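Participant: Quick paste from Swiss-Prot:
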- 1-40: topological domain 'Extracellular' (TOPO_DOM)
- ASN11: N-linked glycosylation site (CARBOHYD)
- 62-71: topological domain 'Cytoplasmic' (TOPO_DOM)
- 93-109: topological domain 'Extracellular' (TOPO_DOM)
- CYS108-CYS189: disulfide bond (DISULFID)
- 131-157: topological domain 'Cytoplasmic' (TOPO_DOM)
- 179-197: topological domain 'Extracellular' (TOPO_DOM)
- 219-359: topological domain 'Cytoplasmic' (TOPO_DOM)
- 299-312: compositional bias 'Low complexity' (COMPBIAS)
- 381-398: topological domain 'Extracellular' (TOPO_DOM)
- 420-445: topological domain 'Cytoplasmic' (TOPO_DOM)
- SER439: phosphoserine (MOD_RES)
Amino acid sequence: MERAPPDGLMNASGALAGEAAAAAGGARTFSAAWTAVLAALMALLIVATVLGNALVMLAFVADSSLRTQNNFFLLNLAISDFLVGVFCIPLYVPYVLTGRWTFGRGLCKLWLVVDYLLCTSSVFNIVLISYDRFLSVTRAVSYRAQQGDTRRAVRKMVLVWVLAFLLYGPAILSWEYLSGGSSIPEGHCYAEFFYNWYFLITASTLEFFTPFLSVTFFNLSIYLNIQRRTRLRLDGGAREAGPDPLPEAQSSPPQPPPGCWGCWPKGQGESMPLHRYGVGEAGPGAEAGEAALGGGSGAAASPTSSSGSSSRGTERPRSLKRGSKPSASSASLEKRMKMVSQSITQRFRLSRDKKVAKSLAIIVSIFGLCWAPYTLLMIIRAACHGHCVPDYWYETSFWLLWANSAVNPVLYPLCHYSFRRAFTKLLCPQKLKVQPHSSLEHCWK
């Protein structure tokens, strides 16, 4: 994030500054009352950011069911937000209250690199989370096949950090050497390229506009996919967004009913031995084998029928034909059961995907609300060299970025049952043991 020289960034607002006045060297002071109020609000934001994201990380330790590929990306986001609360905000509080950076030029460089890195990685993590959920809805089969590949997820997480550093890190560290010297006044801490409009518009395109358009595309694609599947289900279509499993189910041989050992054909044109049903008793699978073979009676004769008399030869086929009706009805029943099972599975997946879309829409909306004001004001401010945007509006805009780090942990339990259960396991373990389902409502009311 671009750090402005905080000359009068609160003093520009009389309502906020009160009796504040700029001191020599760009320093400023607030009235004791306003200093206490601002310090309390900033401390509250720090506590909320640190505790909320620490709870997310502890949830991964306490609940192994959370360690899925998508949730690893949420963990990566929580790590970024946690470090914002631990390192970035605390160092900025005295700077914004006094108007002077008192920690030296070296720590200023480190703070800028880390701050830009963490904020950018948060954005890239949101893109990664959105893309992962896009795949889970639109390419469900291949996505489920990759769920156990944690190394793949770790590689993506590392790539996010590398790209986030490359966007701003080299520029922060080398700009003053490439330009022939530093332009930052003593007692201030902000990036050398703060007023370079061309660099900022390029970086903003990569940091905000492209990610925001990407997550909007993923969210819209998920919505359209769900709408299409909902129409298919309402119209009586029994297919998911993908290959129809019904032809395969119809072409496969029926499976034996539960508790009926050996009474179903092994395959097309193959019957089971009749001696499994007892002497002189025809099993219901024999006629299925005969039907597949063209109705011949010799192969289906009982081993006990060694005389080959004509009476037995004519009676056996009649008994098999009488038994053919239960076999056909059983196959039809099983087909209907499979169709019902597929319909239930489709409804479950559709309901799950709708929840994914809703949670993703919430996260994306919060992301846009927190990042859009800062990005737009930063570009406008750089274009007019800081003279057309009041400092307090710019200051408020990048505090919204840090507020996003505190809000993200709240979005997880609101949008994900698995996180609600993990948080309950940490915060209300006794209620979870007594009432594992209803306790969630008591803990979060």
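Positions of Cβ are set from backbone N, Cα and C atoms, glycine also.
Quick caveat, the model's predicted, so the values are computed rather than measured.
For the listed features, I'd like the structural context: burial, neighbours, distances.
Facilitator: Mean pLDDT, taken over the topological domain 'Extracellular' (1-40), works out to 54 on the 0 to 100 scale.
Residue counts for the topological domain 'Cytoplasmic' (62-71) under DSSP, split into helix (H, G, I), strand (E, B) and coil, are 7 helix, 0 strand, 3 coil.
Neighbour density for CYS189 (disulfide bond): within 10 A of its CB lie 22 other CB atoms from the protein chains shown.
With DSSP states grouped into helix (H, G, I), strand (E, B) and coil, the topological domain 'Cytoplasmic' (131-157) comes out at 22 helix, 0 strand, 5 coil.
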Participant: Within 10 Å of the Cβ of CYS108 (disulfide bond), how many other Cβ atoms can you find? Include all protein chains, please.
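Facilitator: Its Cβ shell of radius 10 Å holds 20 other Cβ atoms.
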Participant: For the topological domain 'Extracellular' (179-197), jot down how many residues DSSP puts in helix, in strand and in coil.
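Facilitator: Within the topological domain 'Extracellular' (179-197) the tally stands at 1 helix, 0 strand, 18 coil.
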Participant: Per DSSP, what is the residue tally for the topological domain 'Extracellular' (93-109) in helix, strand and coil?
Facilitator: 12 helix, 0 strand, 5 coil
